[in-house]
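Okay, so here's the structure we're looking at.
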Amino acid sequence: MSPNGSDRSPRRPMRRKLLQALTAGLVLATATGCTYEDFPRLGMPTPTTEEAPRILSLWQGSWAAALATGVLVWGLILWSVFFHRRSRTKVEVPPQTRYNLPIEALYTMVPLVIVSVLFYFTARDESDLMSLNKKPDLTVNVVGFQWSWCFNHIEDVPGSTGDAKTSKELAGIPDRFIEDFPANAGGVYDCGTPGTENPQTGNPGPTLWLPKGKTVRFVLTSRDVIHSFWVVPFLMKQDVIPGHTNAFEVTPNKEGTFLGKCAELCGVDHSRMLFNVKVVSPERYEQHLQDLAKKGQTGYVPAGIAQTSHEKNRETNNL
């Protein structure tokens, strides 16, 4: 026991525990199978669209702010626990500090600044990501149903007849989207069967083909319940709501086949509501549309539940 009455426990066990914790963290980091190139993405897949890096940057910034705040809070907690765990005097209750205005102001302003900065960058990026071009390179009507997907390619494909602007199958889509459809777009479609595999890829669900370097507008409609259209490497997903039409645009910039899934619990086979996105060259994409037309998959499948009167009143004419 020291002369001042303090009876501190040795620090060696604490150092041993700290070493064990660091070793466990190192093992956990290496056991994930991630390379050093994966760690900066903080669990996100490699972006495959021109818009995805912006989402990744927002994700990384949010984690950086959270970790900085956590380190500060954890540091203060650990400092208090280790260095003030026992009084060095015989006084059982140390002097209490109350009504410290500078500290209270700091506790109020720091969280307010953090939240305000995160709100600004989130609002800025969301506004840009959700903006729509007047004339996208191509439009795909994504139709969700229990428990698979249909894709209406709204294109003027040789061998197809009709017009997307007057098609009764697409009548449920709001006029503000129909007005941007190409003229005389007879279109082709592709549909999946719940729980089956795509014969071309061996992966579950249908395959949506997209051209590299072209801006694609997804117009999302549902036939039954709420779904969510999520292409994982696009870092973008949007709800598919019956009676309401959502839309967003992306520009794929990497060829390959990528996983897509429904991200909204939609019933007993929700986990099997998968699909694939195959990004190819524009020439291969055009050939694929012609192949669908040769198979007889011309025209469009029903888009789903029409926009309700309430939603039509809420809609504006501005994209």
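Even glycines carry a Cβ here, placed using N, Cα and C.
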Inset, instruction - Determine which of His153, His227, His244 appears in Swiss-Prot for the same Cu cation site as Cys262, Cys266, His270. - result: His227
Inset, instruction - Identify all same-chain residues not among His227, Cys262, Cys266, His270 whose C-beta atom falls within 8 angstroms of the centroid of the Cu cation site's C-beta atoms; report them in sequence order. - result: Gly144, Gln146, Trp147, Val225, Ile226, Ser228, Ala263, Glu264, Leu265, Gly267, Met273
Inset, instruction - Based on Cβ atoms within 10 Å, give me the single least packed residue among the binding-site residues His227, His270. - result: His270
Inset, instruction - Starting from each candidate's C-beta and looking 10 angstroms out, tell me which of the binding-site residues Cys262, Cys266 has the most other C-beta atoms. - result: Cys262
